[in-house]
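Working notes, beginning with the structure itself.
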């Protein structure tokens, strides 16, 4: 096909039956291990690896390999690069987690080389191009004409076209001696054997020359199983620097699917802190008080604990899908913190006699039901994604696992840890003394407790008069009305 790989590689598309029809309920990874072991046992010397069709095509077109990790050795001399690649391959074999490793480009194979003697060709009056054309026609194929088949007056009115090629019979091209005796016709009509005009030798040469950025490259590839790619590459870099000596002009680079993961990891390292900073700024604009912001943001580490433990329990490593899951989790967890802080501030604002300790207890009880409903709804919706095994499940499972684990820990910790944290940061307030000081002094001595805007006194009185008109026989609590009026003035 169009794959940039040597012709000795065979690709087979295998379709799996429905999981319910499997005789053994094993995982996909266990199935791949069994298939690889059986194939390599039945085909001695063969190396077997597995991939998905779309991923395979994209990886080959973009990165030149389908492996998790590719070590590119670049330079000028293929023999030196091959030696360096063999040293790196020996290091990879002894590393934990290395699987399906090997050198992408195959070793040199015998090749028949024809070097034309220009002086001898000139003595016979034969052009070099004529010799090349004859060798091409004899050993390979040369197109000389086109055969048209079918009438041209019947739609699609284009006859089928077939190329006509010429080639020597097998007896005249099957051995080196036969090629040496190949006749070349001179301008005088003489039949000159090819051995008189060229030097024909059998030499070892590369079956494929792979280039990256215009430089010759030999690739050492390996898949990584049972450990994270970042740790594997860091260990390999260290060992290569210690054990492999690179001559001048030679370079070792690391790529493959790891290259894409490293690039996305760099972006996530910028996006995740930026997300937290934006959330911090929005909360500060909301509360105008850093203490409340810290309490609301405390939900992020509380949910982070659950997300990390969920990945460890499922045996997943941090990847792009998991990073997106953490970003989504931060928003959901922050929402829970905002609801708790807002409810606590609202209680403190509504009742001037309540203490902070009583307010956080009451807020935790009030927020239990809405938070439980919100988080359980998300949990129940994402649990099927964490257990999915169909097409595309490899991408969605880490994301769903992070969110489910994070929401579960947030559900348990937000209503237990946040009240204590709020009490520690805000502390108890002497509201009676604060109220008396605010009556004597300015309004700045009484700190705000909520972002909720209060109605002006005039609007509140209008609402009270409307209630009396609607219910003239109802007895109004004058003490409560007086307390509310005093609060609105403040």
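A Cβ is built for glycine as well, from the same backbone N, Cα and C atoms used for every other residue.
Looking at 228-247, 248-267, 268-287, the stretch flagged in TrEMBL as transmembrane segment turns out to be 268-287. Listed ranges 348-370, 371-393, 440-462; the one TrEMBL annotates as transmembrane segment is 371-393. Between the transmembrane segment (292-312) and the stretches 318-341, 371-393, 399-425, Cβ pairs under 8 Å are most numerous for 399-425.
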